[in-house]
Ligand code: AMP
Ligand code: ZN
């Protein structure tokens, strides 16, 4: 394949930058993971599909990838600005379970969803396993950068150079932030340690030099990225909301801990939001879609991955069921074309001039800050090239799919059939009725064939004679 140098959009400089690994032949990526007090909605999953596409691209470029997605199982308050309740403790109280059980349950669901979306398995460290290191960081930063209040240990953002440069925020008065903690020096100051209020016991609490309590949410990512990837490391990712508070705070901690003005990650990348008609999909507003809802409505999870890839990660993406159906149909067209190559032996070394334009287009697109919408069209170009060796074609398509992660050679058209959970009829029954109908038609018994069709229609099954995509039926 052509070797276009990889350019990525760095939120720190707001510019496209050529990617230069810090350690030769390696790429180290840290992605802010879920707070496991609830299900991750499909907007959250967009963040991980993006991070996975980035990881796959780095691997495609021949780099050995280390990828971490942390699990926030402690410390995240209902407001990012250090106010409100602890998300984990609140969910535990509401559901009558222990905070630890809640965390394990939602972590498992999250990992299963990553799997269903074909996100390659990254490392999943849990914040609660790093509390000792977080306390060490607190002790080390305390003297020069922190001050203690009744409620906890706070980081003074005025003690580091250029606080908030990632957000491009006016920091003097913490614009856009409400000062909800009594005694804070700057509105943007944030908790390193939150003390358990006197007379209370938290389910998740640890001893520390500042009393019993729990770490502030921002601290875990600084500590885990340093321990698992080293400082500096290559790329830090997250949703665009993190560009405003969480990541500036991580940077401030990294600067304080490392006694350096450096942010500790070379490139900071942020995916834009998944929105719907009401605006940004969010957990706190109550109603949101989880991957399982899509599956219950009959959609294969990879149709959602396709939907995400159809938009550039830095653009907003509006979710609609029509859009998801269009993505499903597009994926099915690809799978049908790939089916024809199923028996071919991939020939990765062999070349064919007919593939050169598609390959060039693919490589240029993916190297251009992960332009997946264009890369998808290059994959379709390759799939529709005719009169070429099937083994070469298979190798080209496989290599592209390795980056996009659509599993074109494992999926079958039957996997992509709409299968709503509410259906009153099983697939076996549908297939059986269709076989009876075929026989009736062969015997020219059209009354019987129409009767079977009506019988199926009454159960929500639309019979699709002569459908170009080969869908023989569809559940409405
Ligand atoms: P959380 O569990 O709230 O910490 O969020 C997990 C990840 O999802 C973070 O990187 C968020 O920035 C990201 N995120 C949250 N809402 C959305 C959304 N509607 N669309 C895309 N990413 C989101
Ligand atoms: Zn983080």
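Start at 1 and count along the chain as shown; that gives each residue its number.
Cβ atoms here come from the backbone N, Cα and C positions, even for glycine.
According to TrEMBL, the features are:
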type	residues	note
BINDING	32, 221, 246, 250	Zn(2+) binding site
MOTIF	34-44	motif ''HIGH' region'
MOTIF	280-284	motif ''KMSKS' region'
BINDING	283	ATP binding site
DOMAIN	361-410	domain 'Cysteinyl-tRNA synthetase class Ia DALR'
COILED	423-450	coiled coil
Among 32, 221, 283, which binding-site residues lie by ligand 2, judged by Cβ under 6 Å to any atom?
32, 221
Mind looking up the mean pLDDT for the coiled coil (423-450) in the predicted model?
91
Filtered binding-site residues, from 32, 221, 246, 250, whose Cβ is under 6 Å from an atom of ligand 1:
32
Hey, of the binding-site residues listed (32, 221), which one tops the CB count within 10 A?
221
Residue pair the residue listed as 'ATP binding site', residue 32 (Zn(2+) binding site) - Cα distance, angstrom, rounded:
16
Which sequence-distant residues neighbour the motif ''HIGH' region' (34-44)? Criterion: at least 6 residues beyond either end, Cβ under 8 Å.
71-73, 76, 87-88, 90-91, 102-103, 105-107, 109-110, 113, 239, 273-275, 280-283, 288-292, 294, 304, 319
So which of the binding-site residues is most packed in, judged by how many other Cβ atoms lie within 10 Å of its Cβ, out of 246, 283?
246
Helix, strand or coil at residue 32 (Zn(2+) binding site), per DSSP?
coil
Return the count of C-beta atoms lying within 10 angstroms of the C-beta of residue 250 (Zn(2+) binding site), excluding that atom itself.
27
Which of the three DSSP-derived classes (helix, strand, coil) applies to residue 246 (Zn(2+) binding site)?
helix
Once the DSSP letters are reduced so that anything not helix or strand counts as coil, what is residue 221 (Zn(2+) binding site)?
helix
Applying the rule Cβ within 8 Å of the centroid of the Cβ atoms of 32, 221, 246, 250, what extra residues of the same chain belong around the Zn(2+) site?
218, 220, 222, 236, 238, 242, 247, 249
From the DSSP assignment alone, can you count helix, strand and coil residues within the domain 'Cysteinyl-tRNA synthetase class Ia DALR' (361-410)?
34 helix, 1 strand, 15 coil
Can you break down the motif ''KMSKS' region' (280-284) into helix, strand and coil residue counts using DSSP?
0 helix, 1 strand, 4 coil
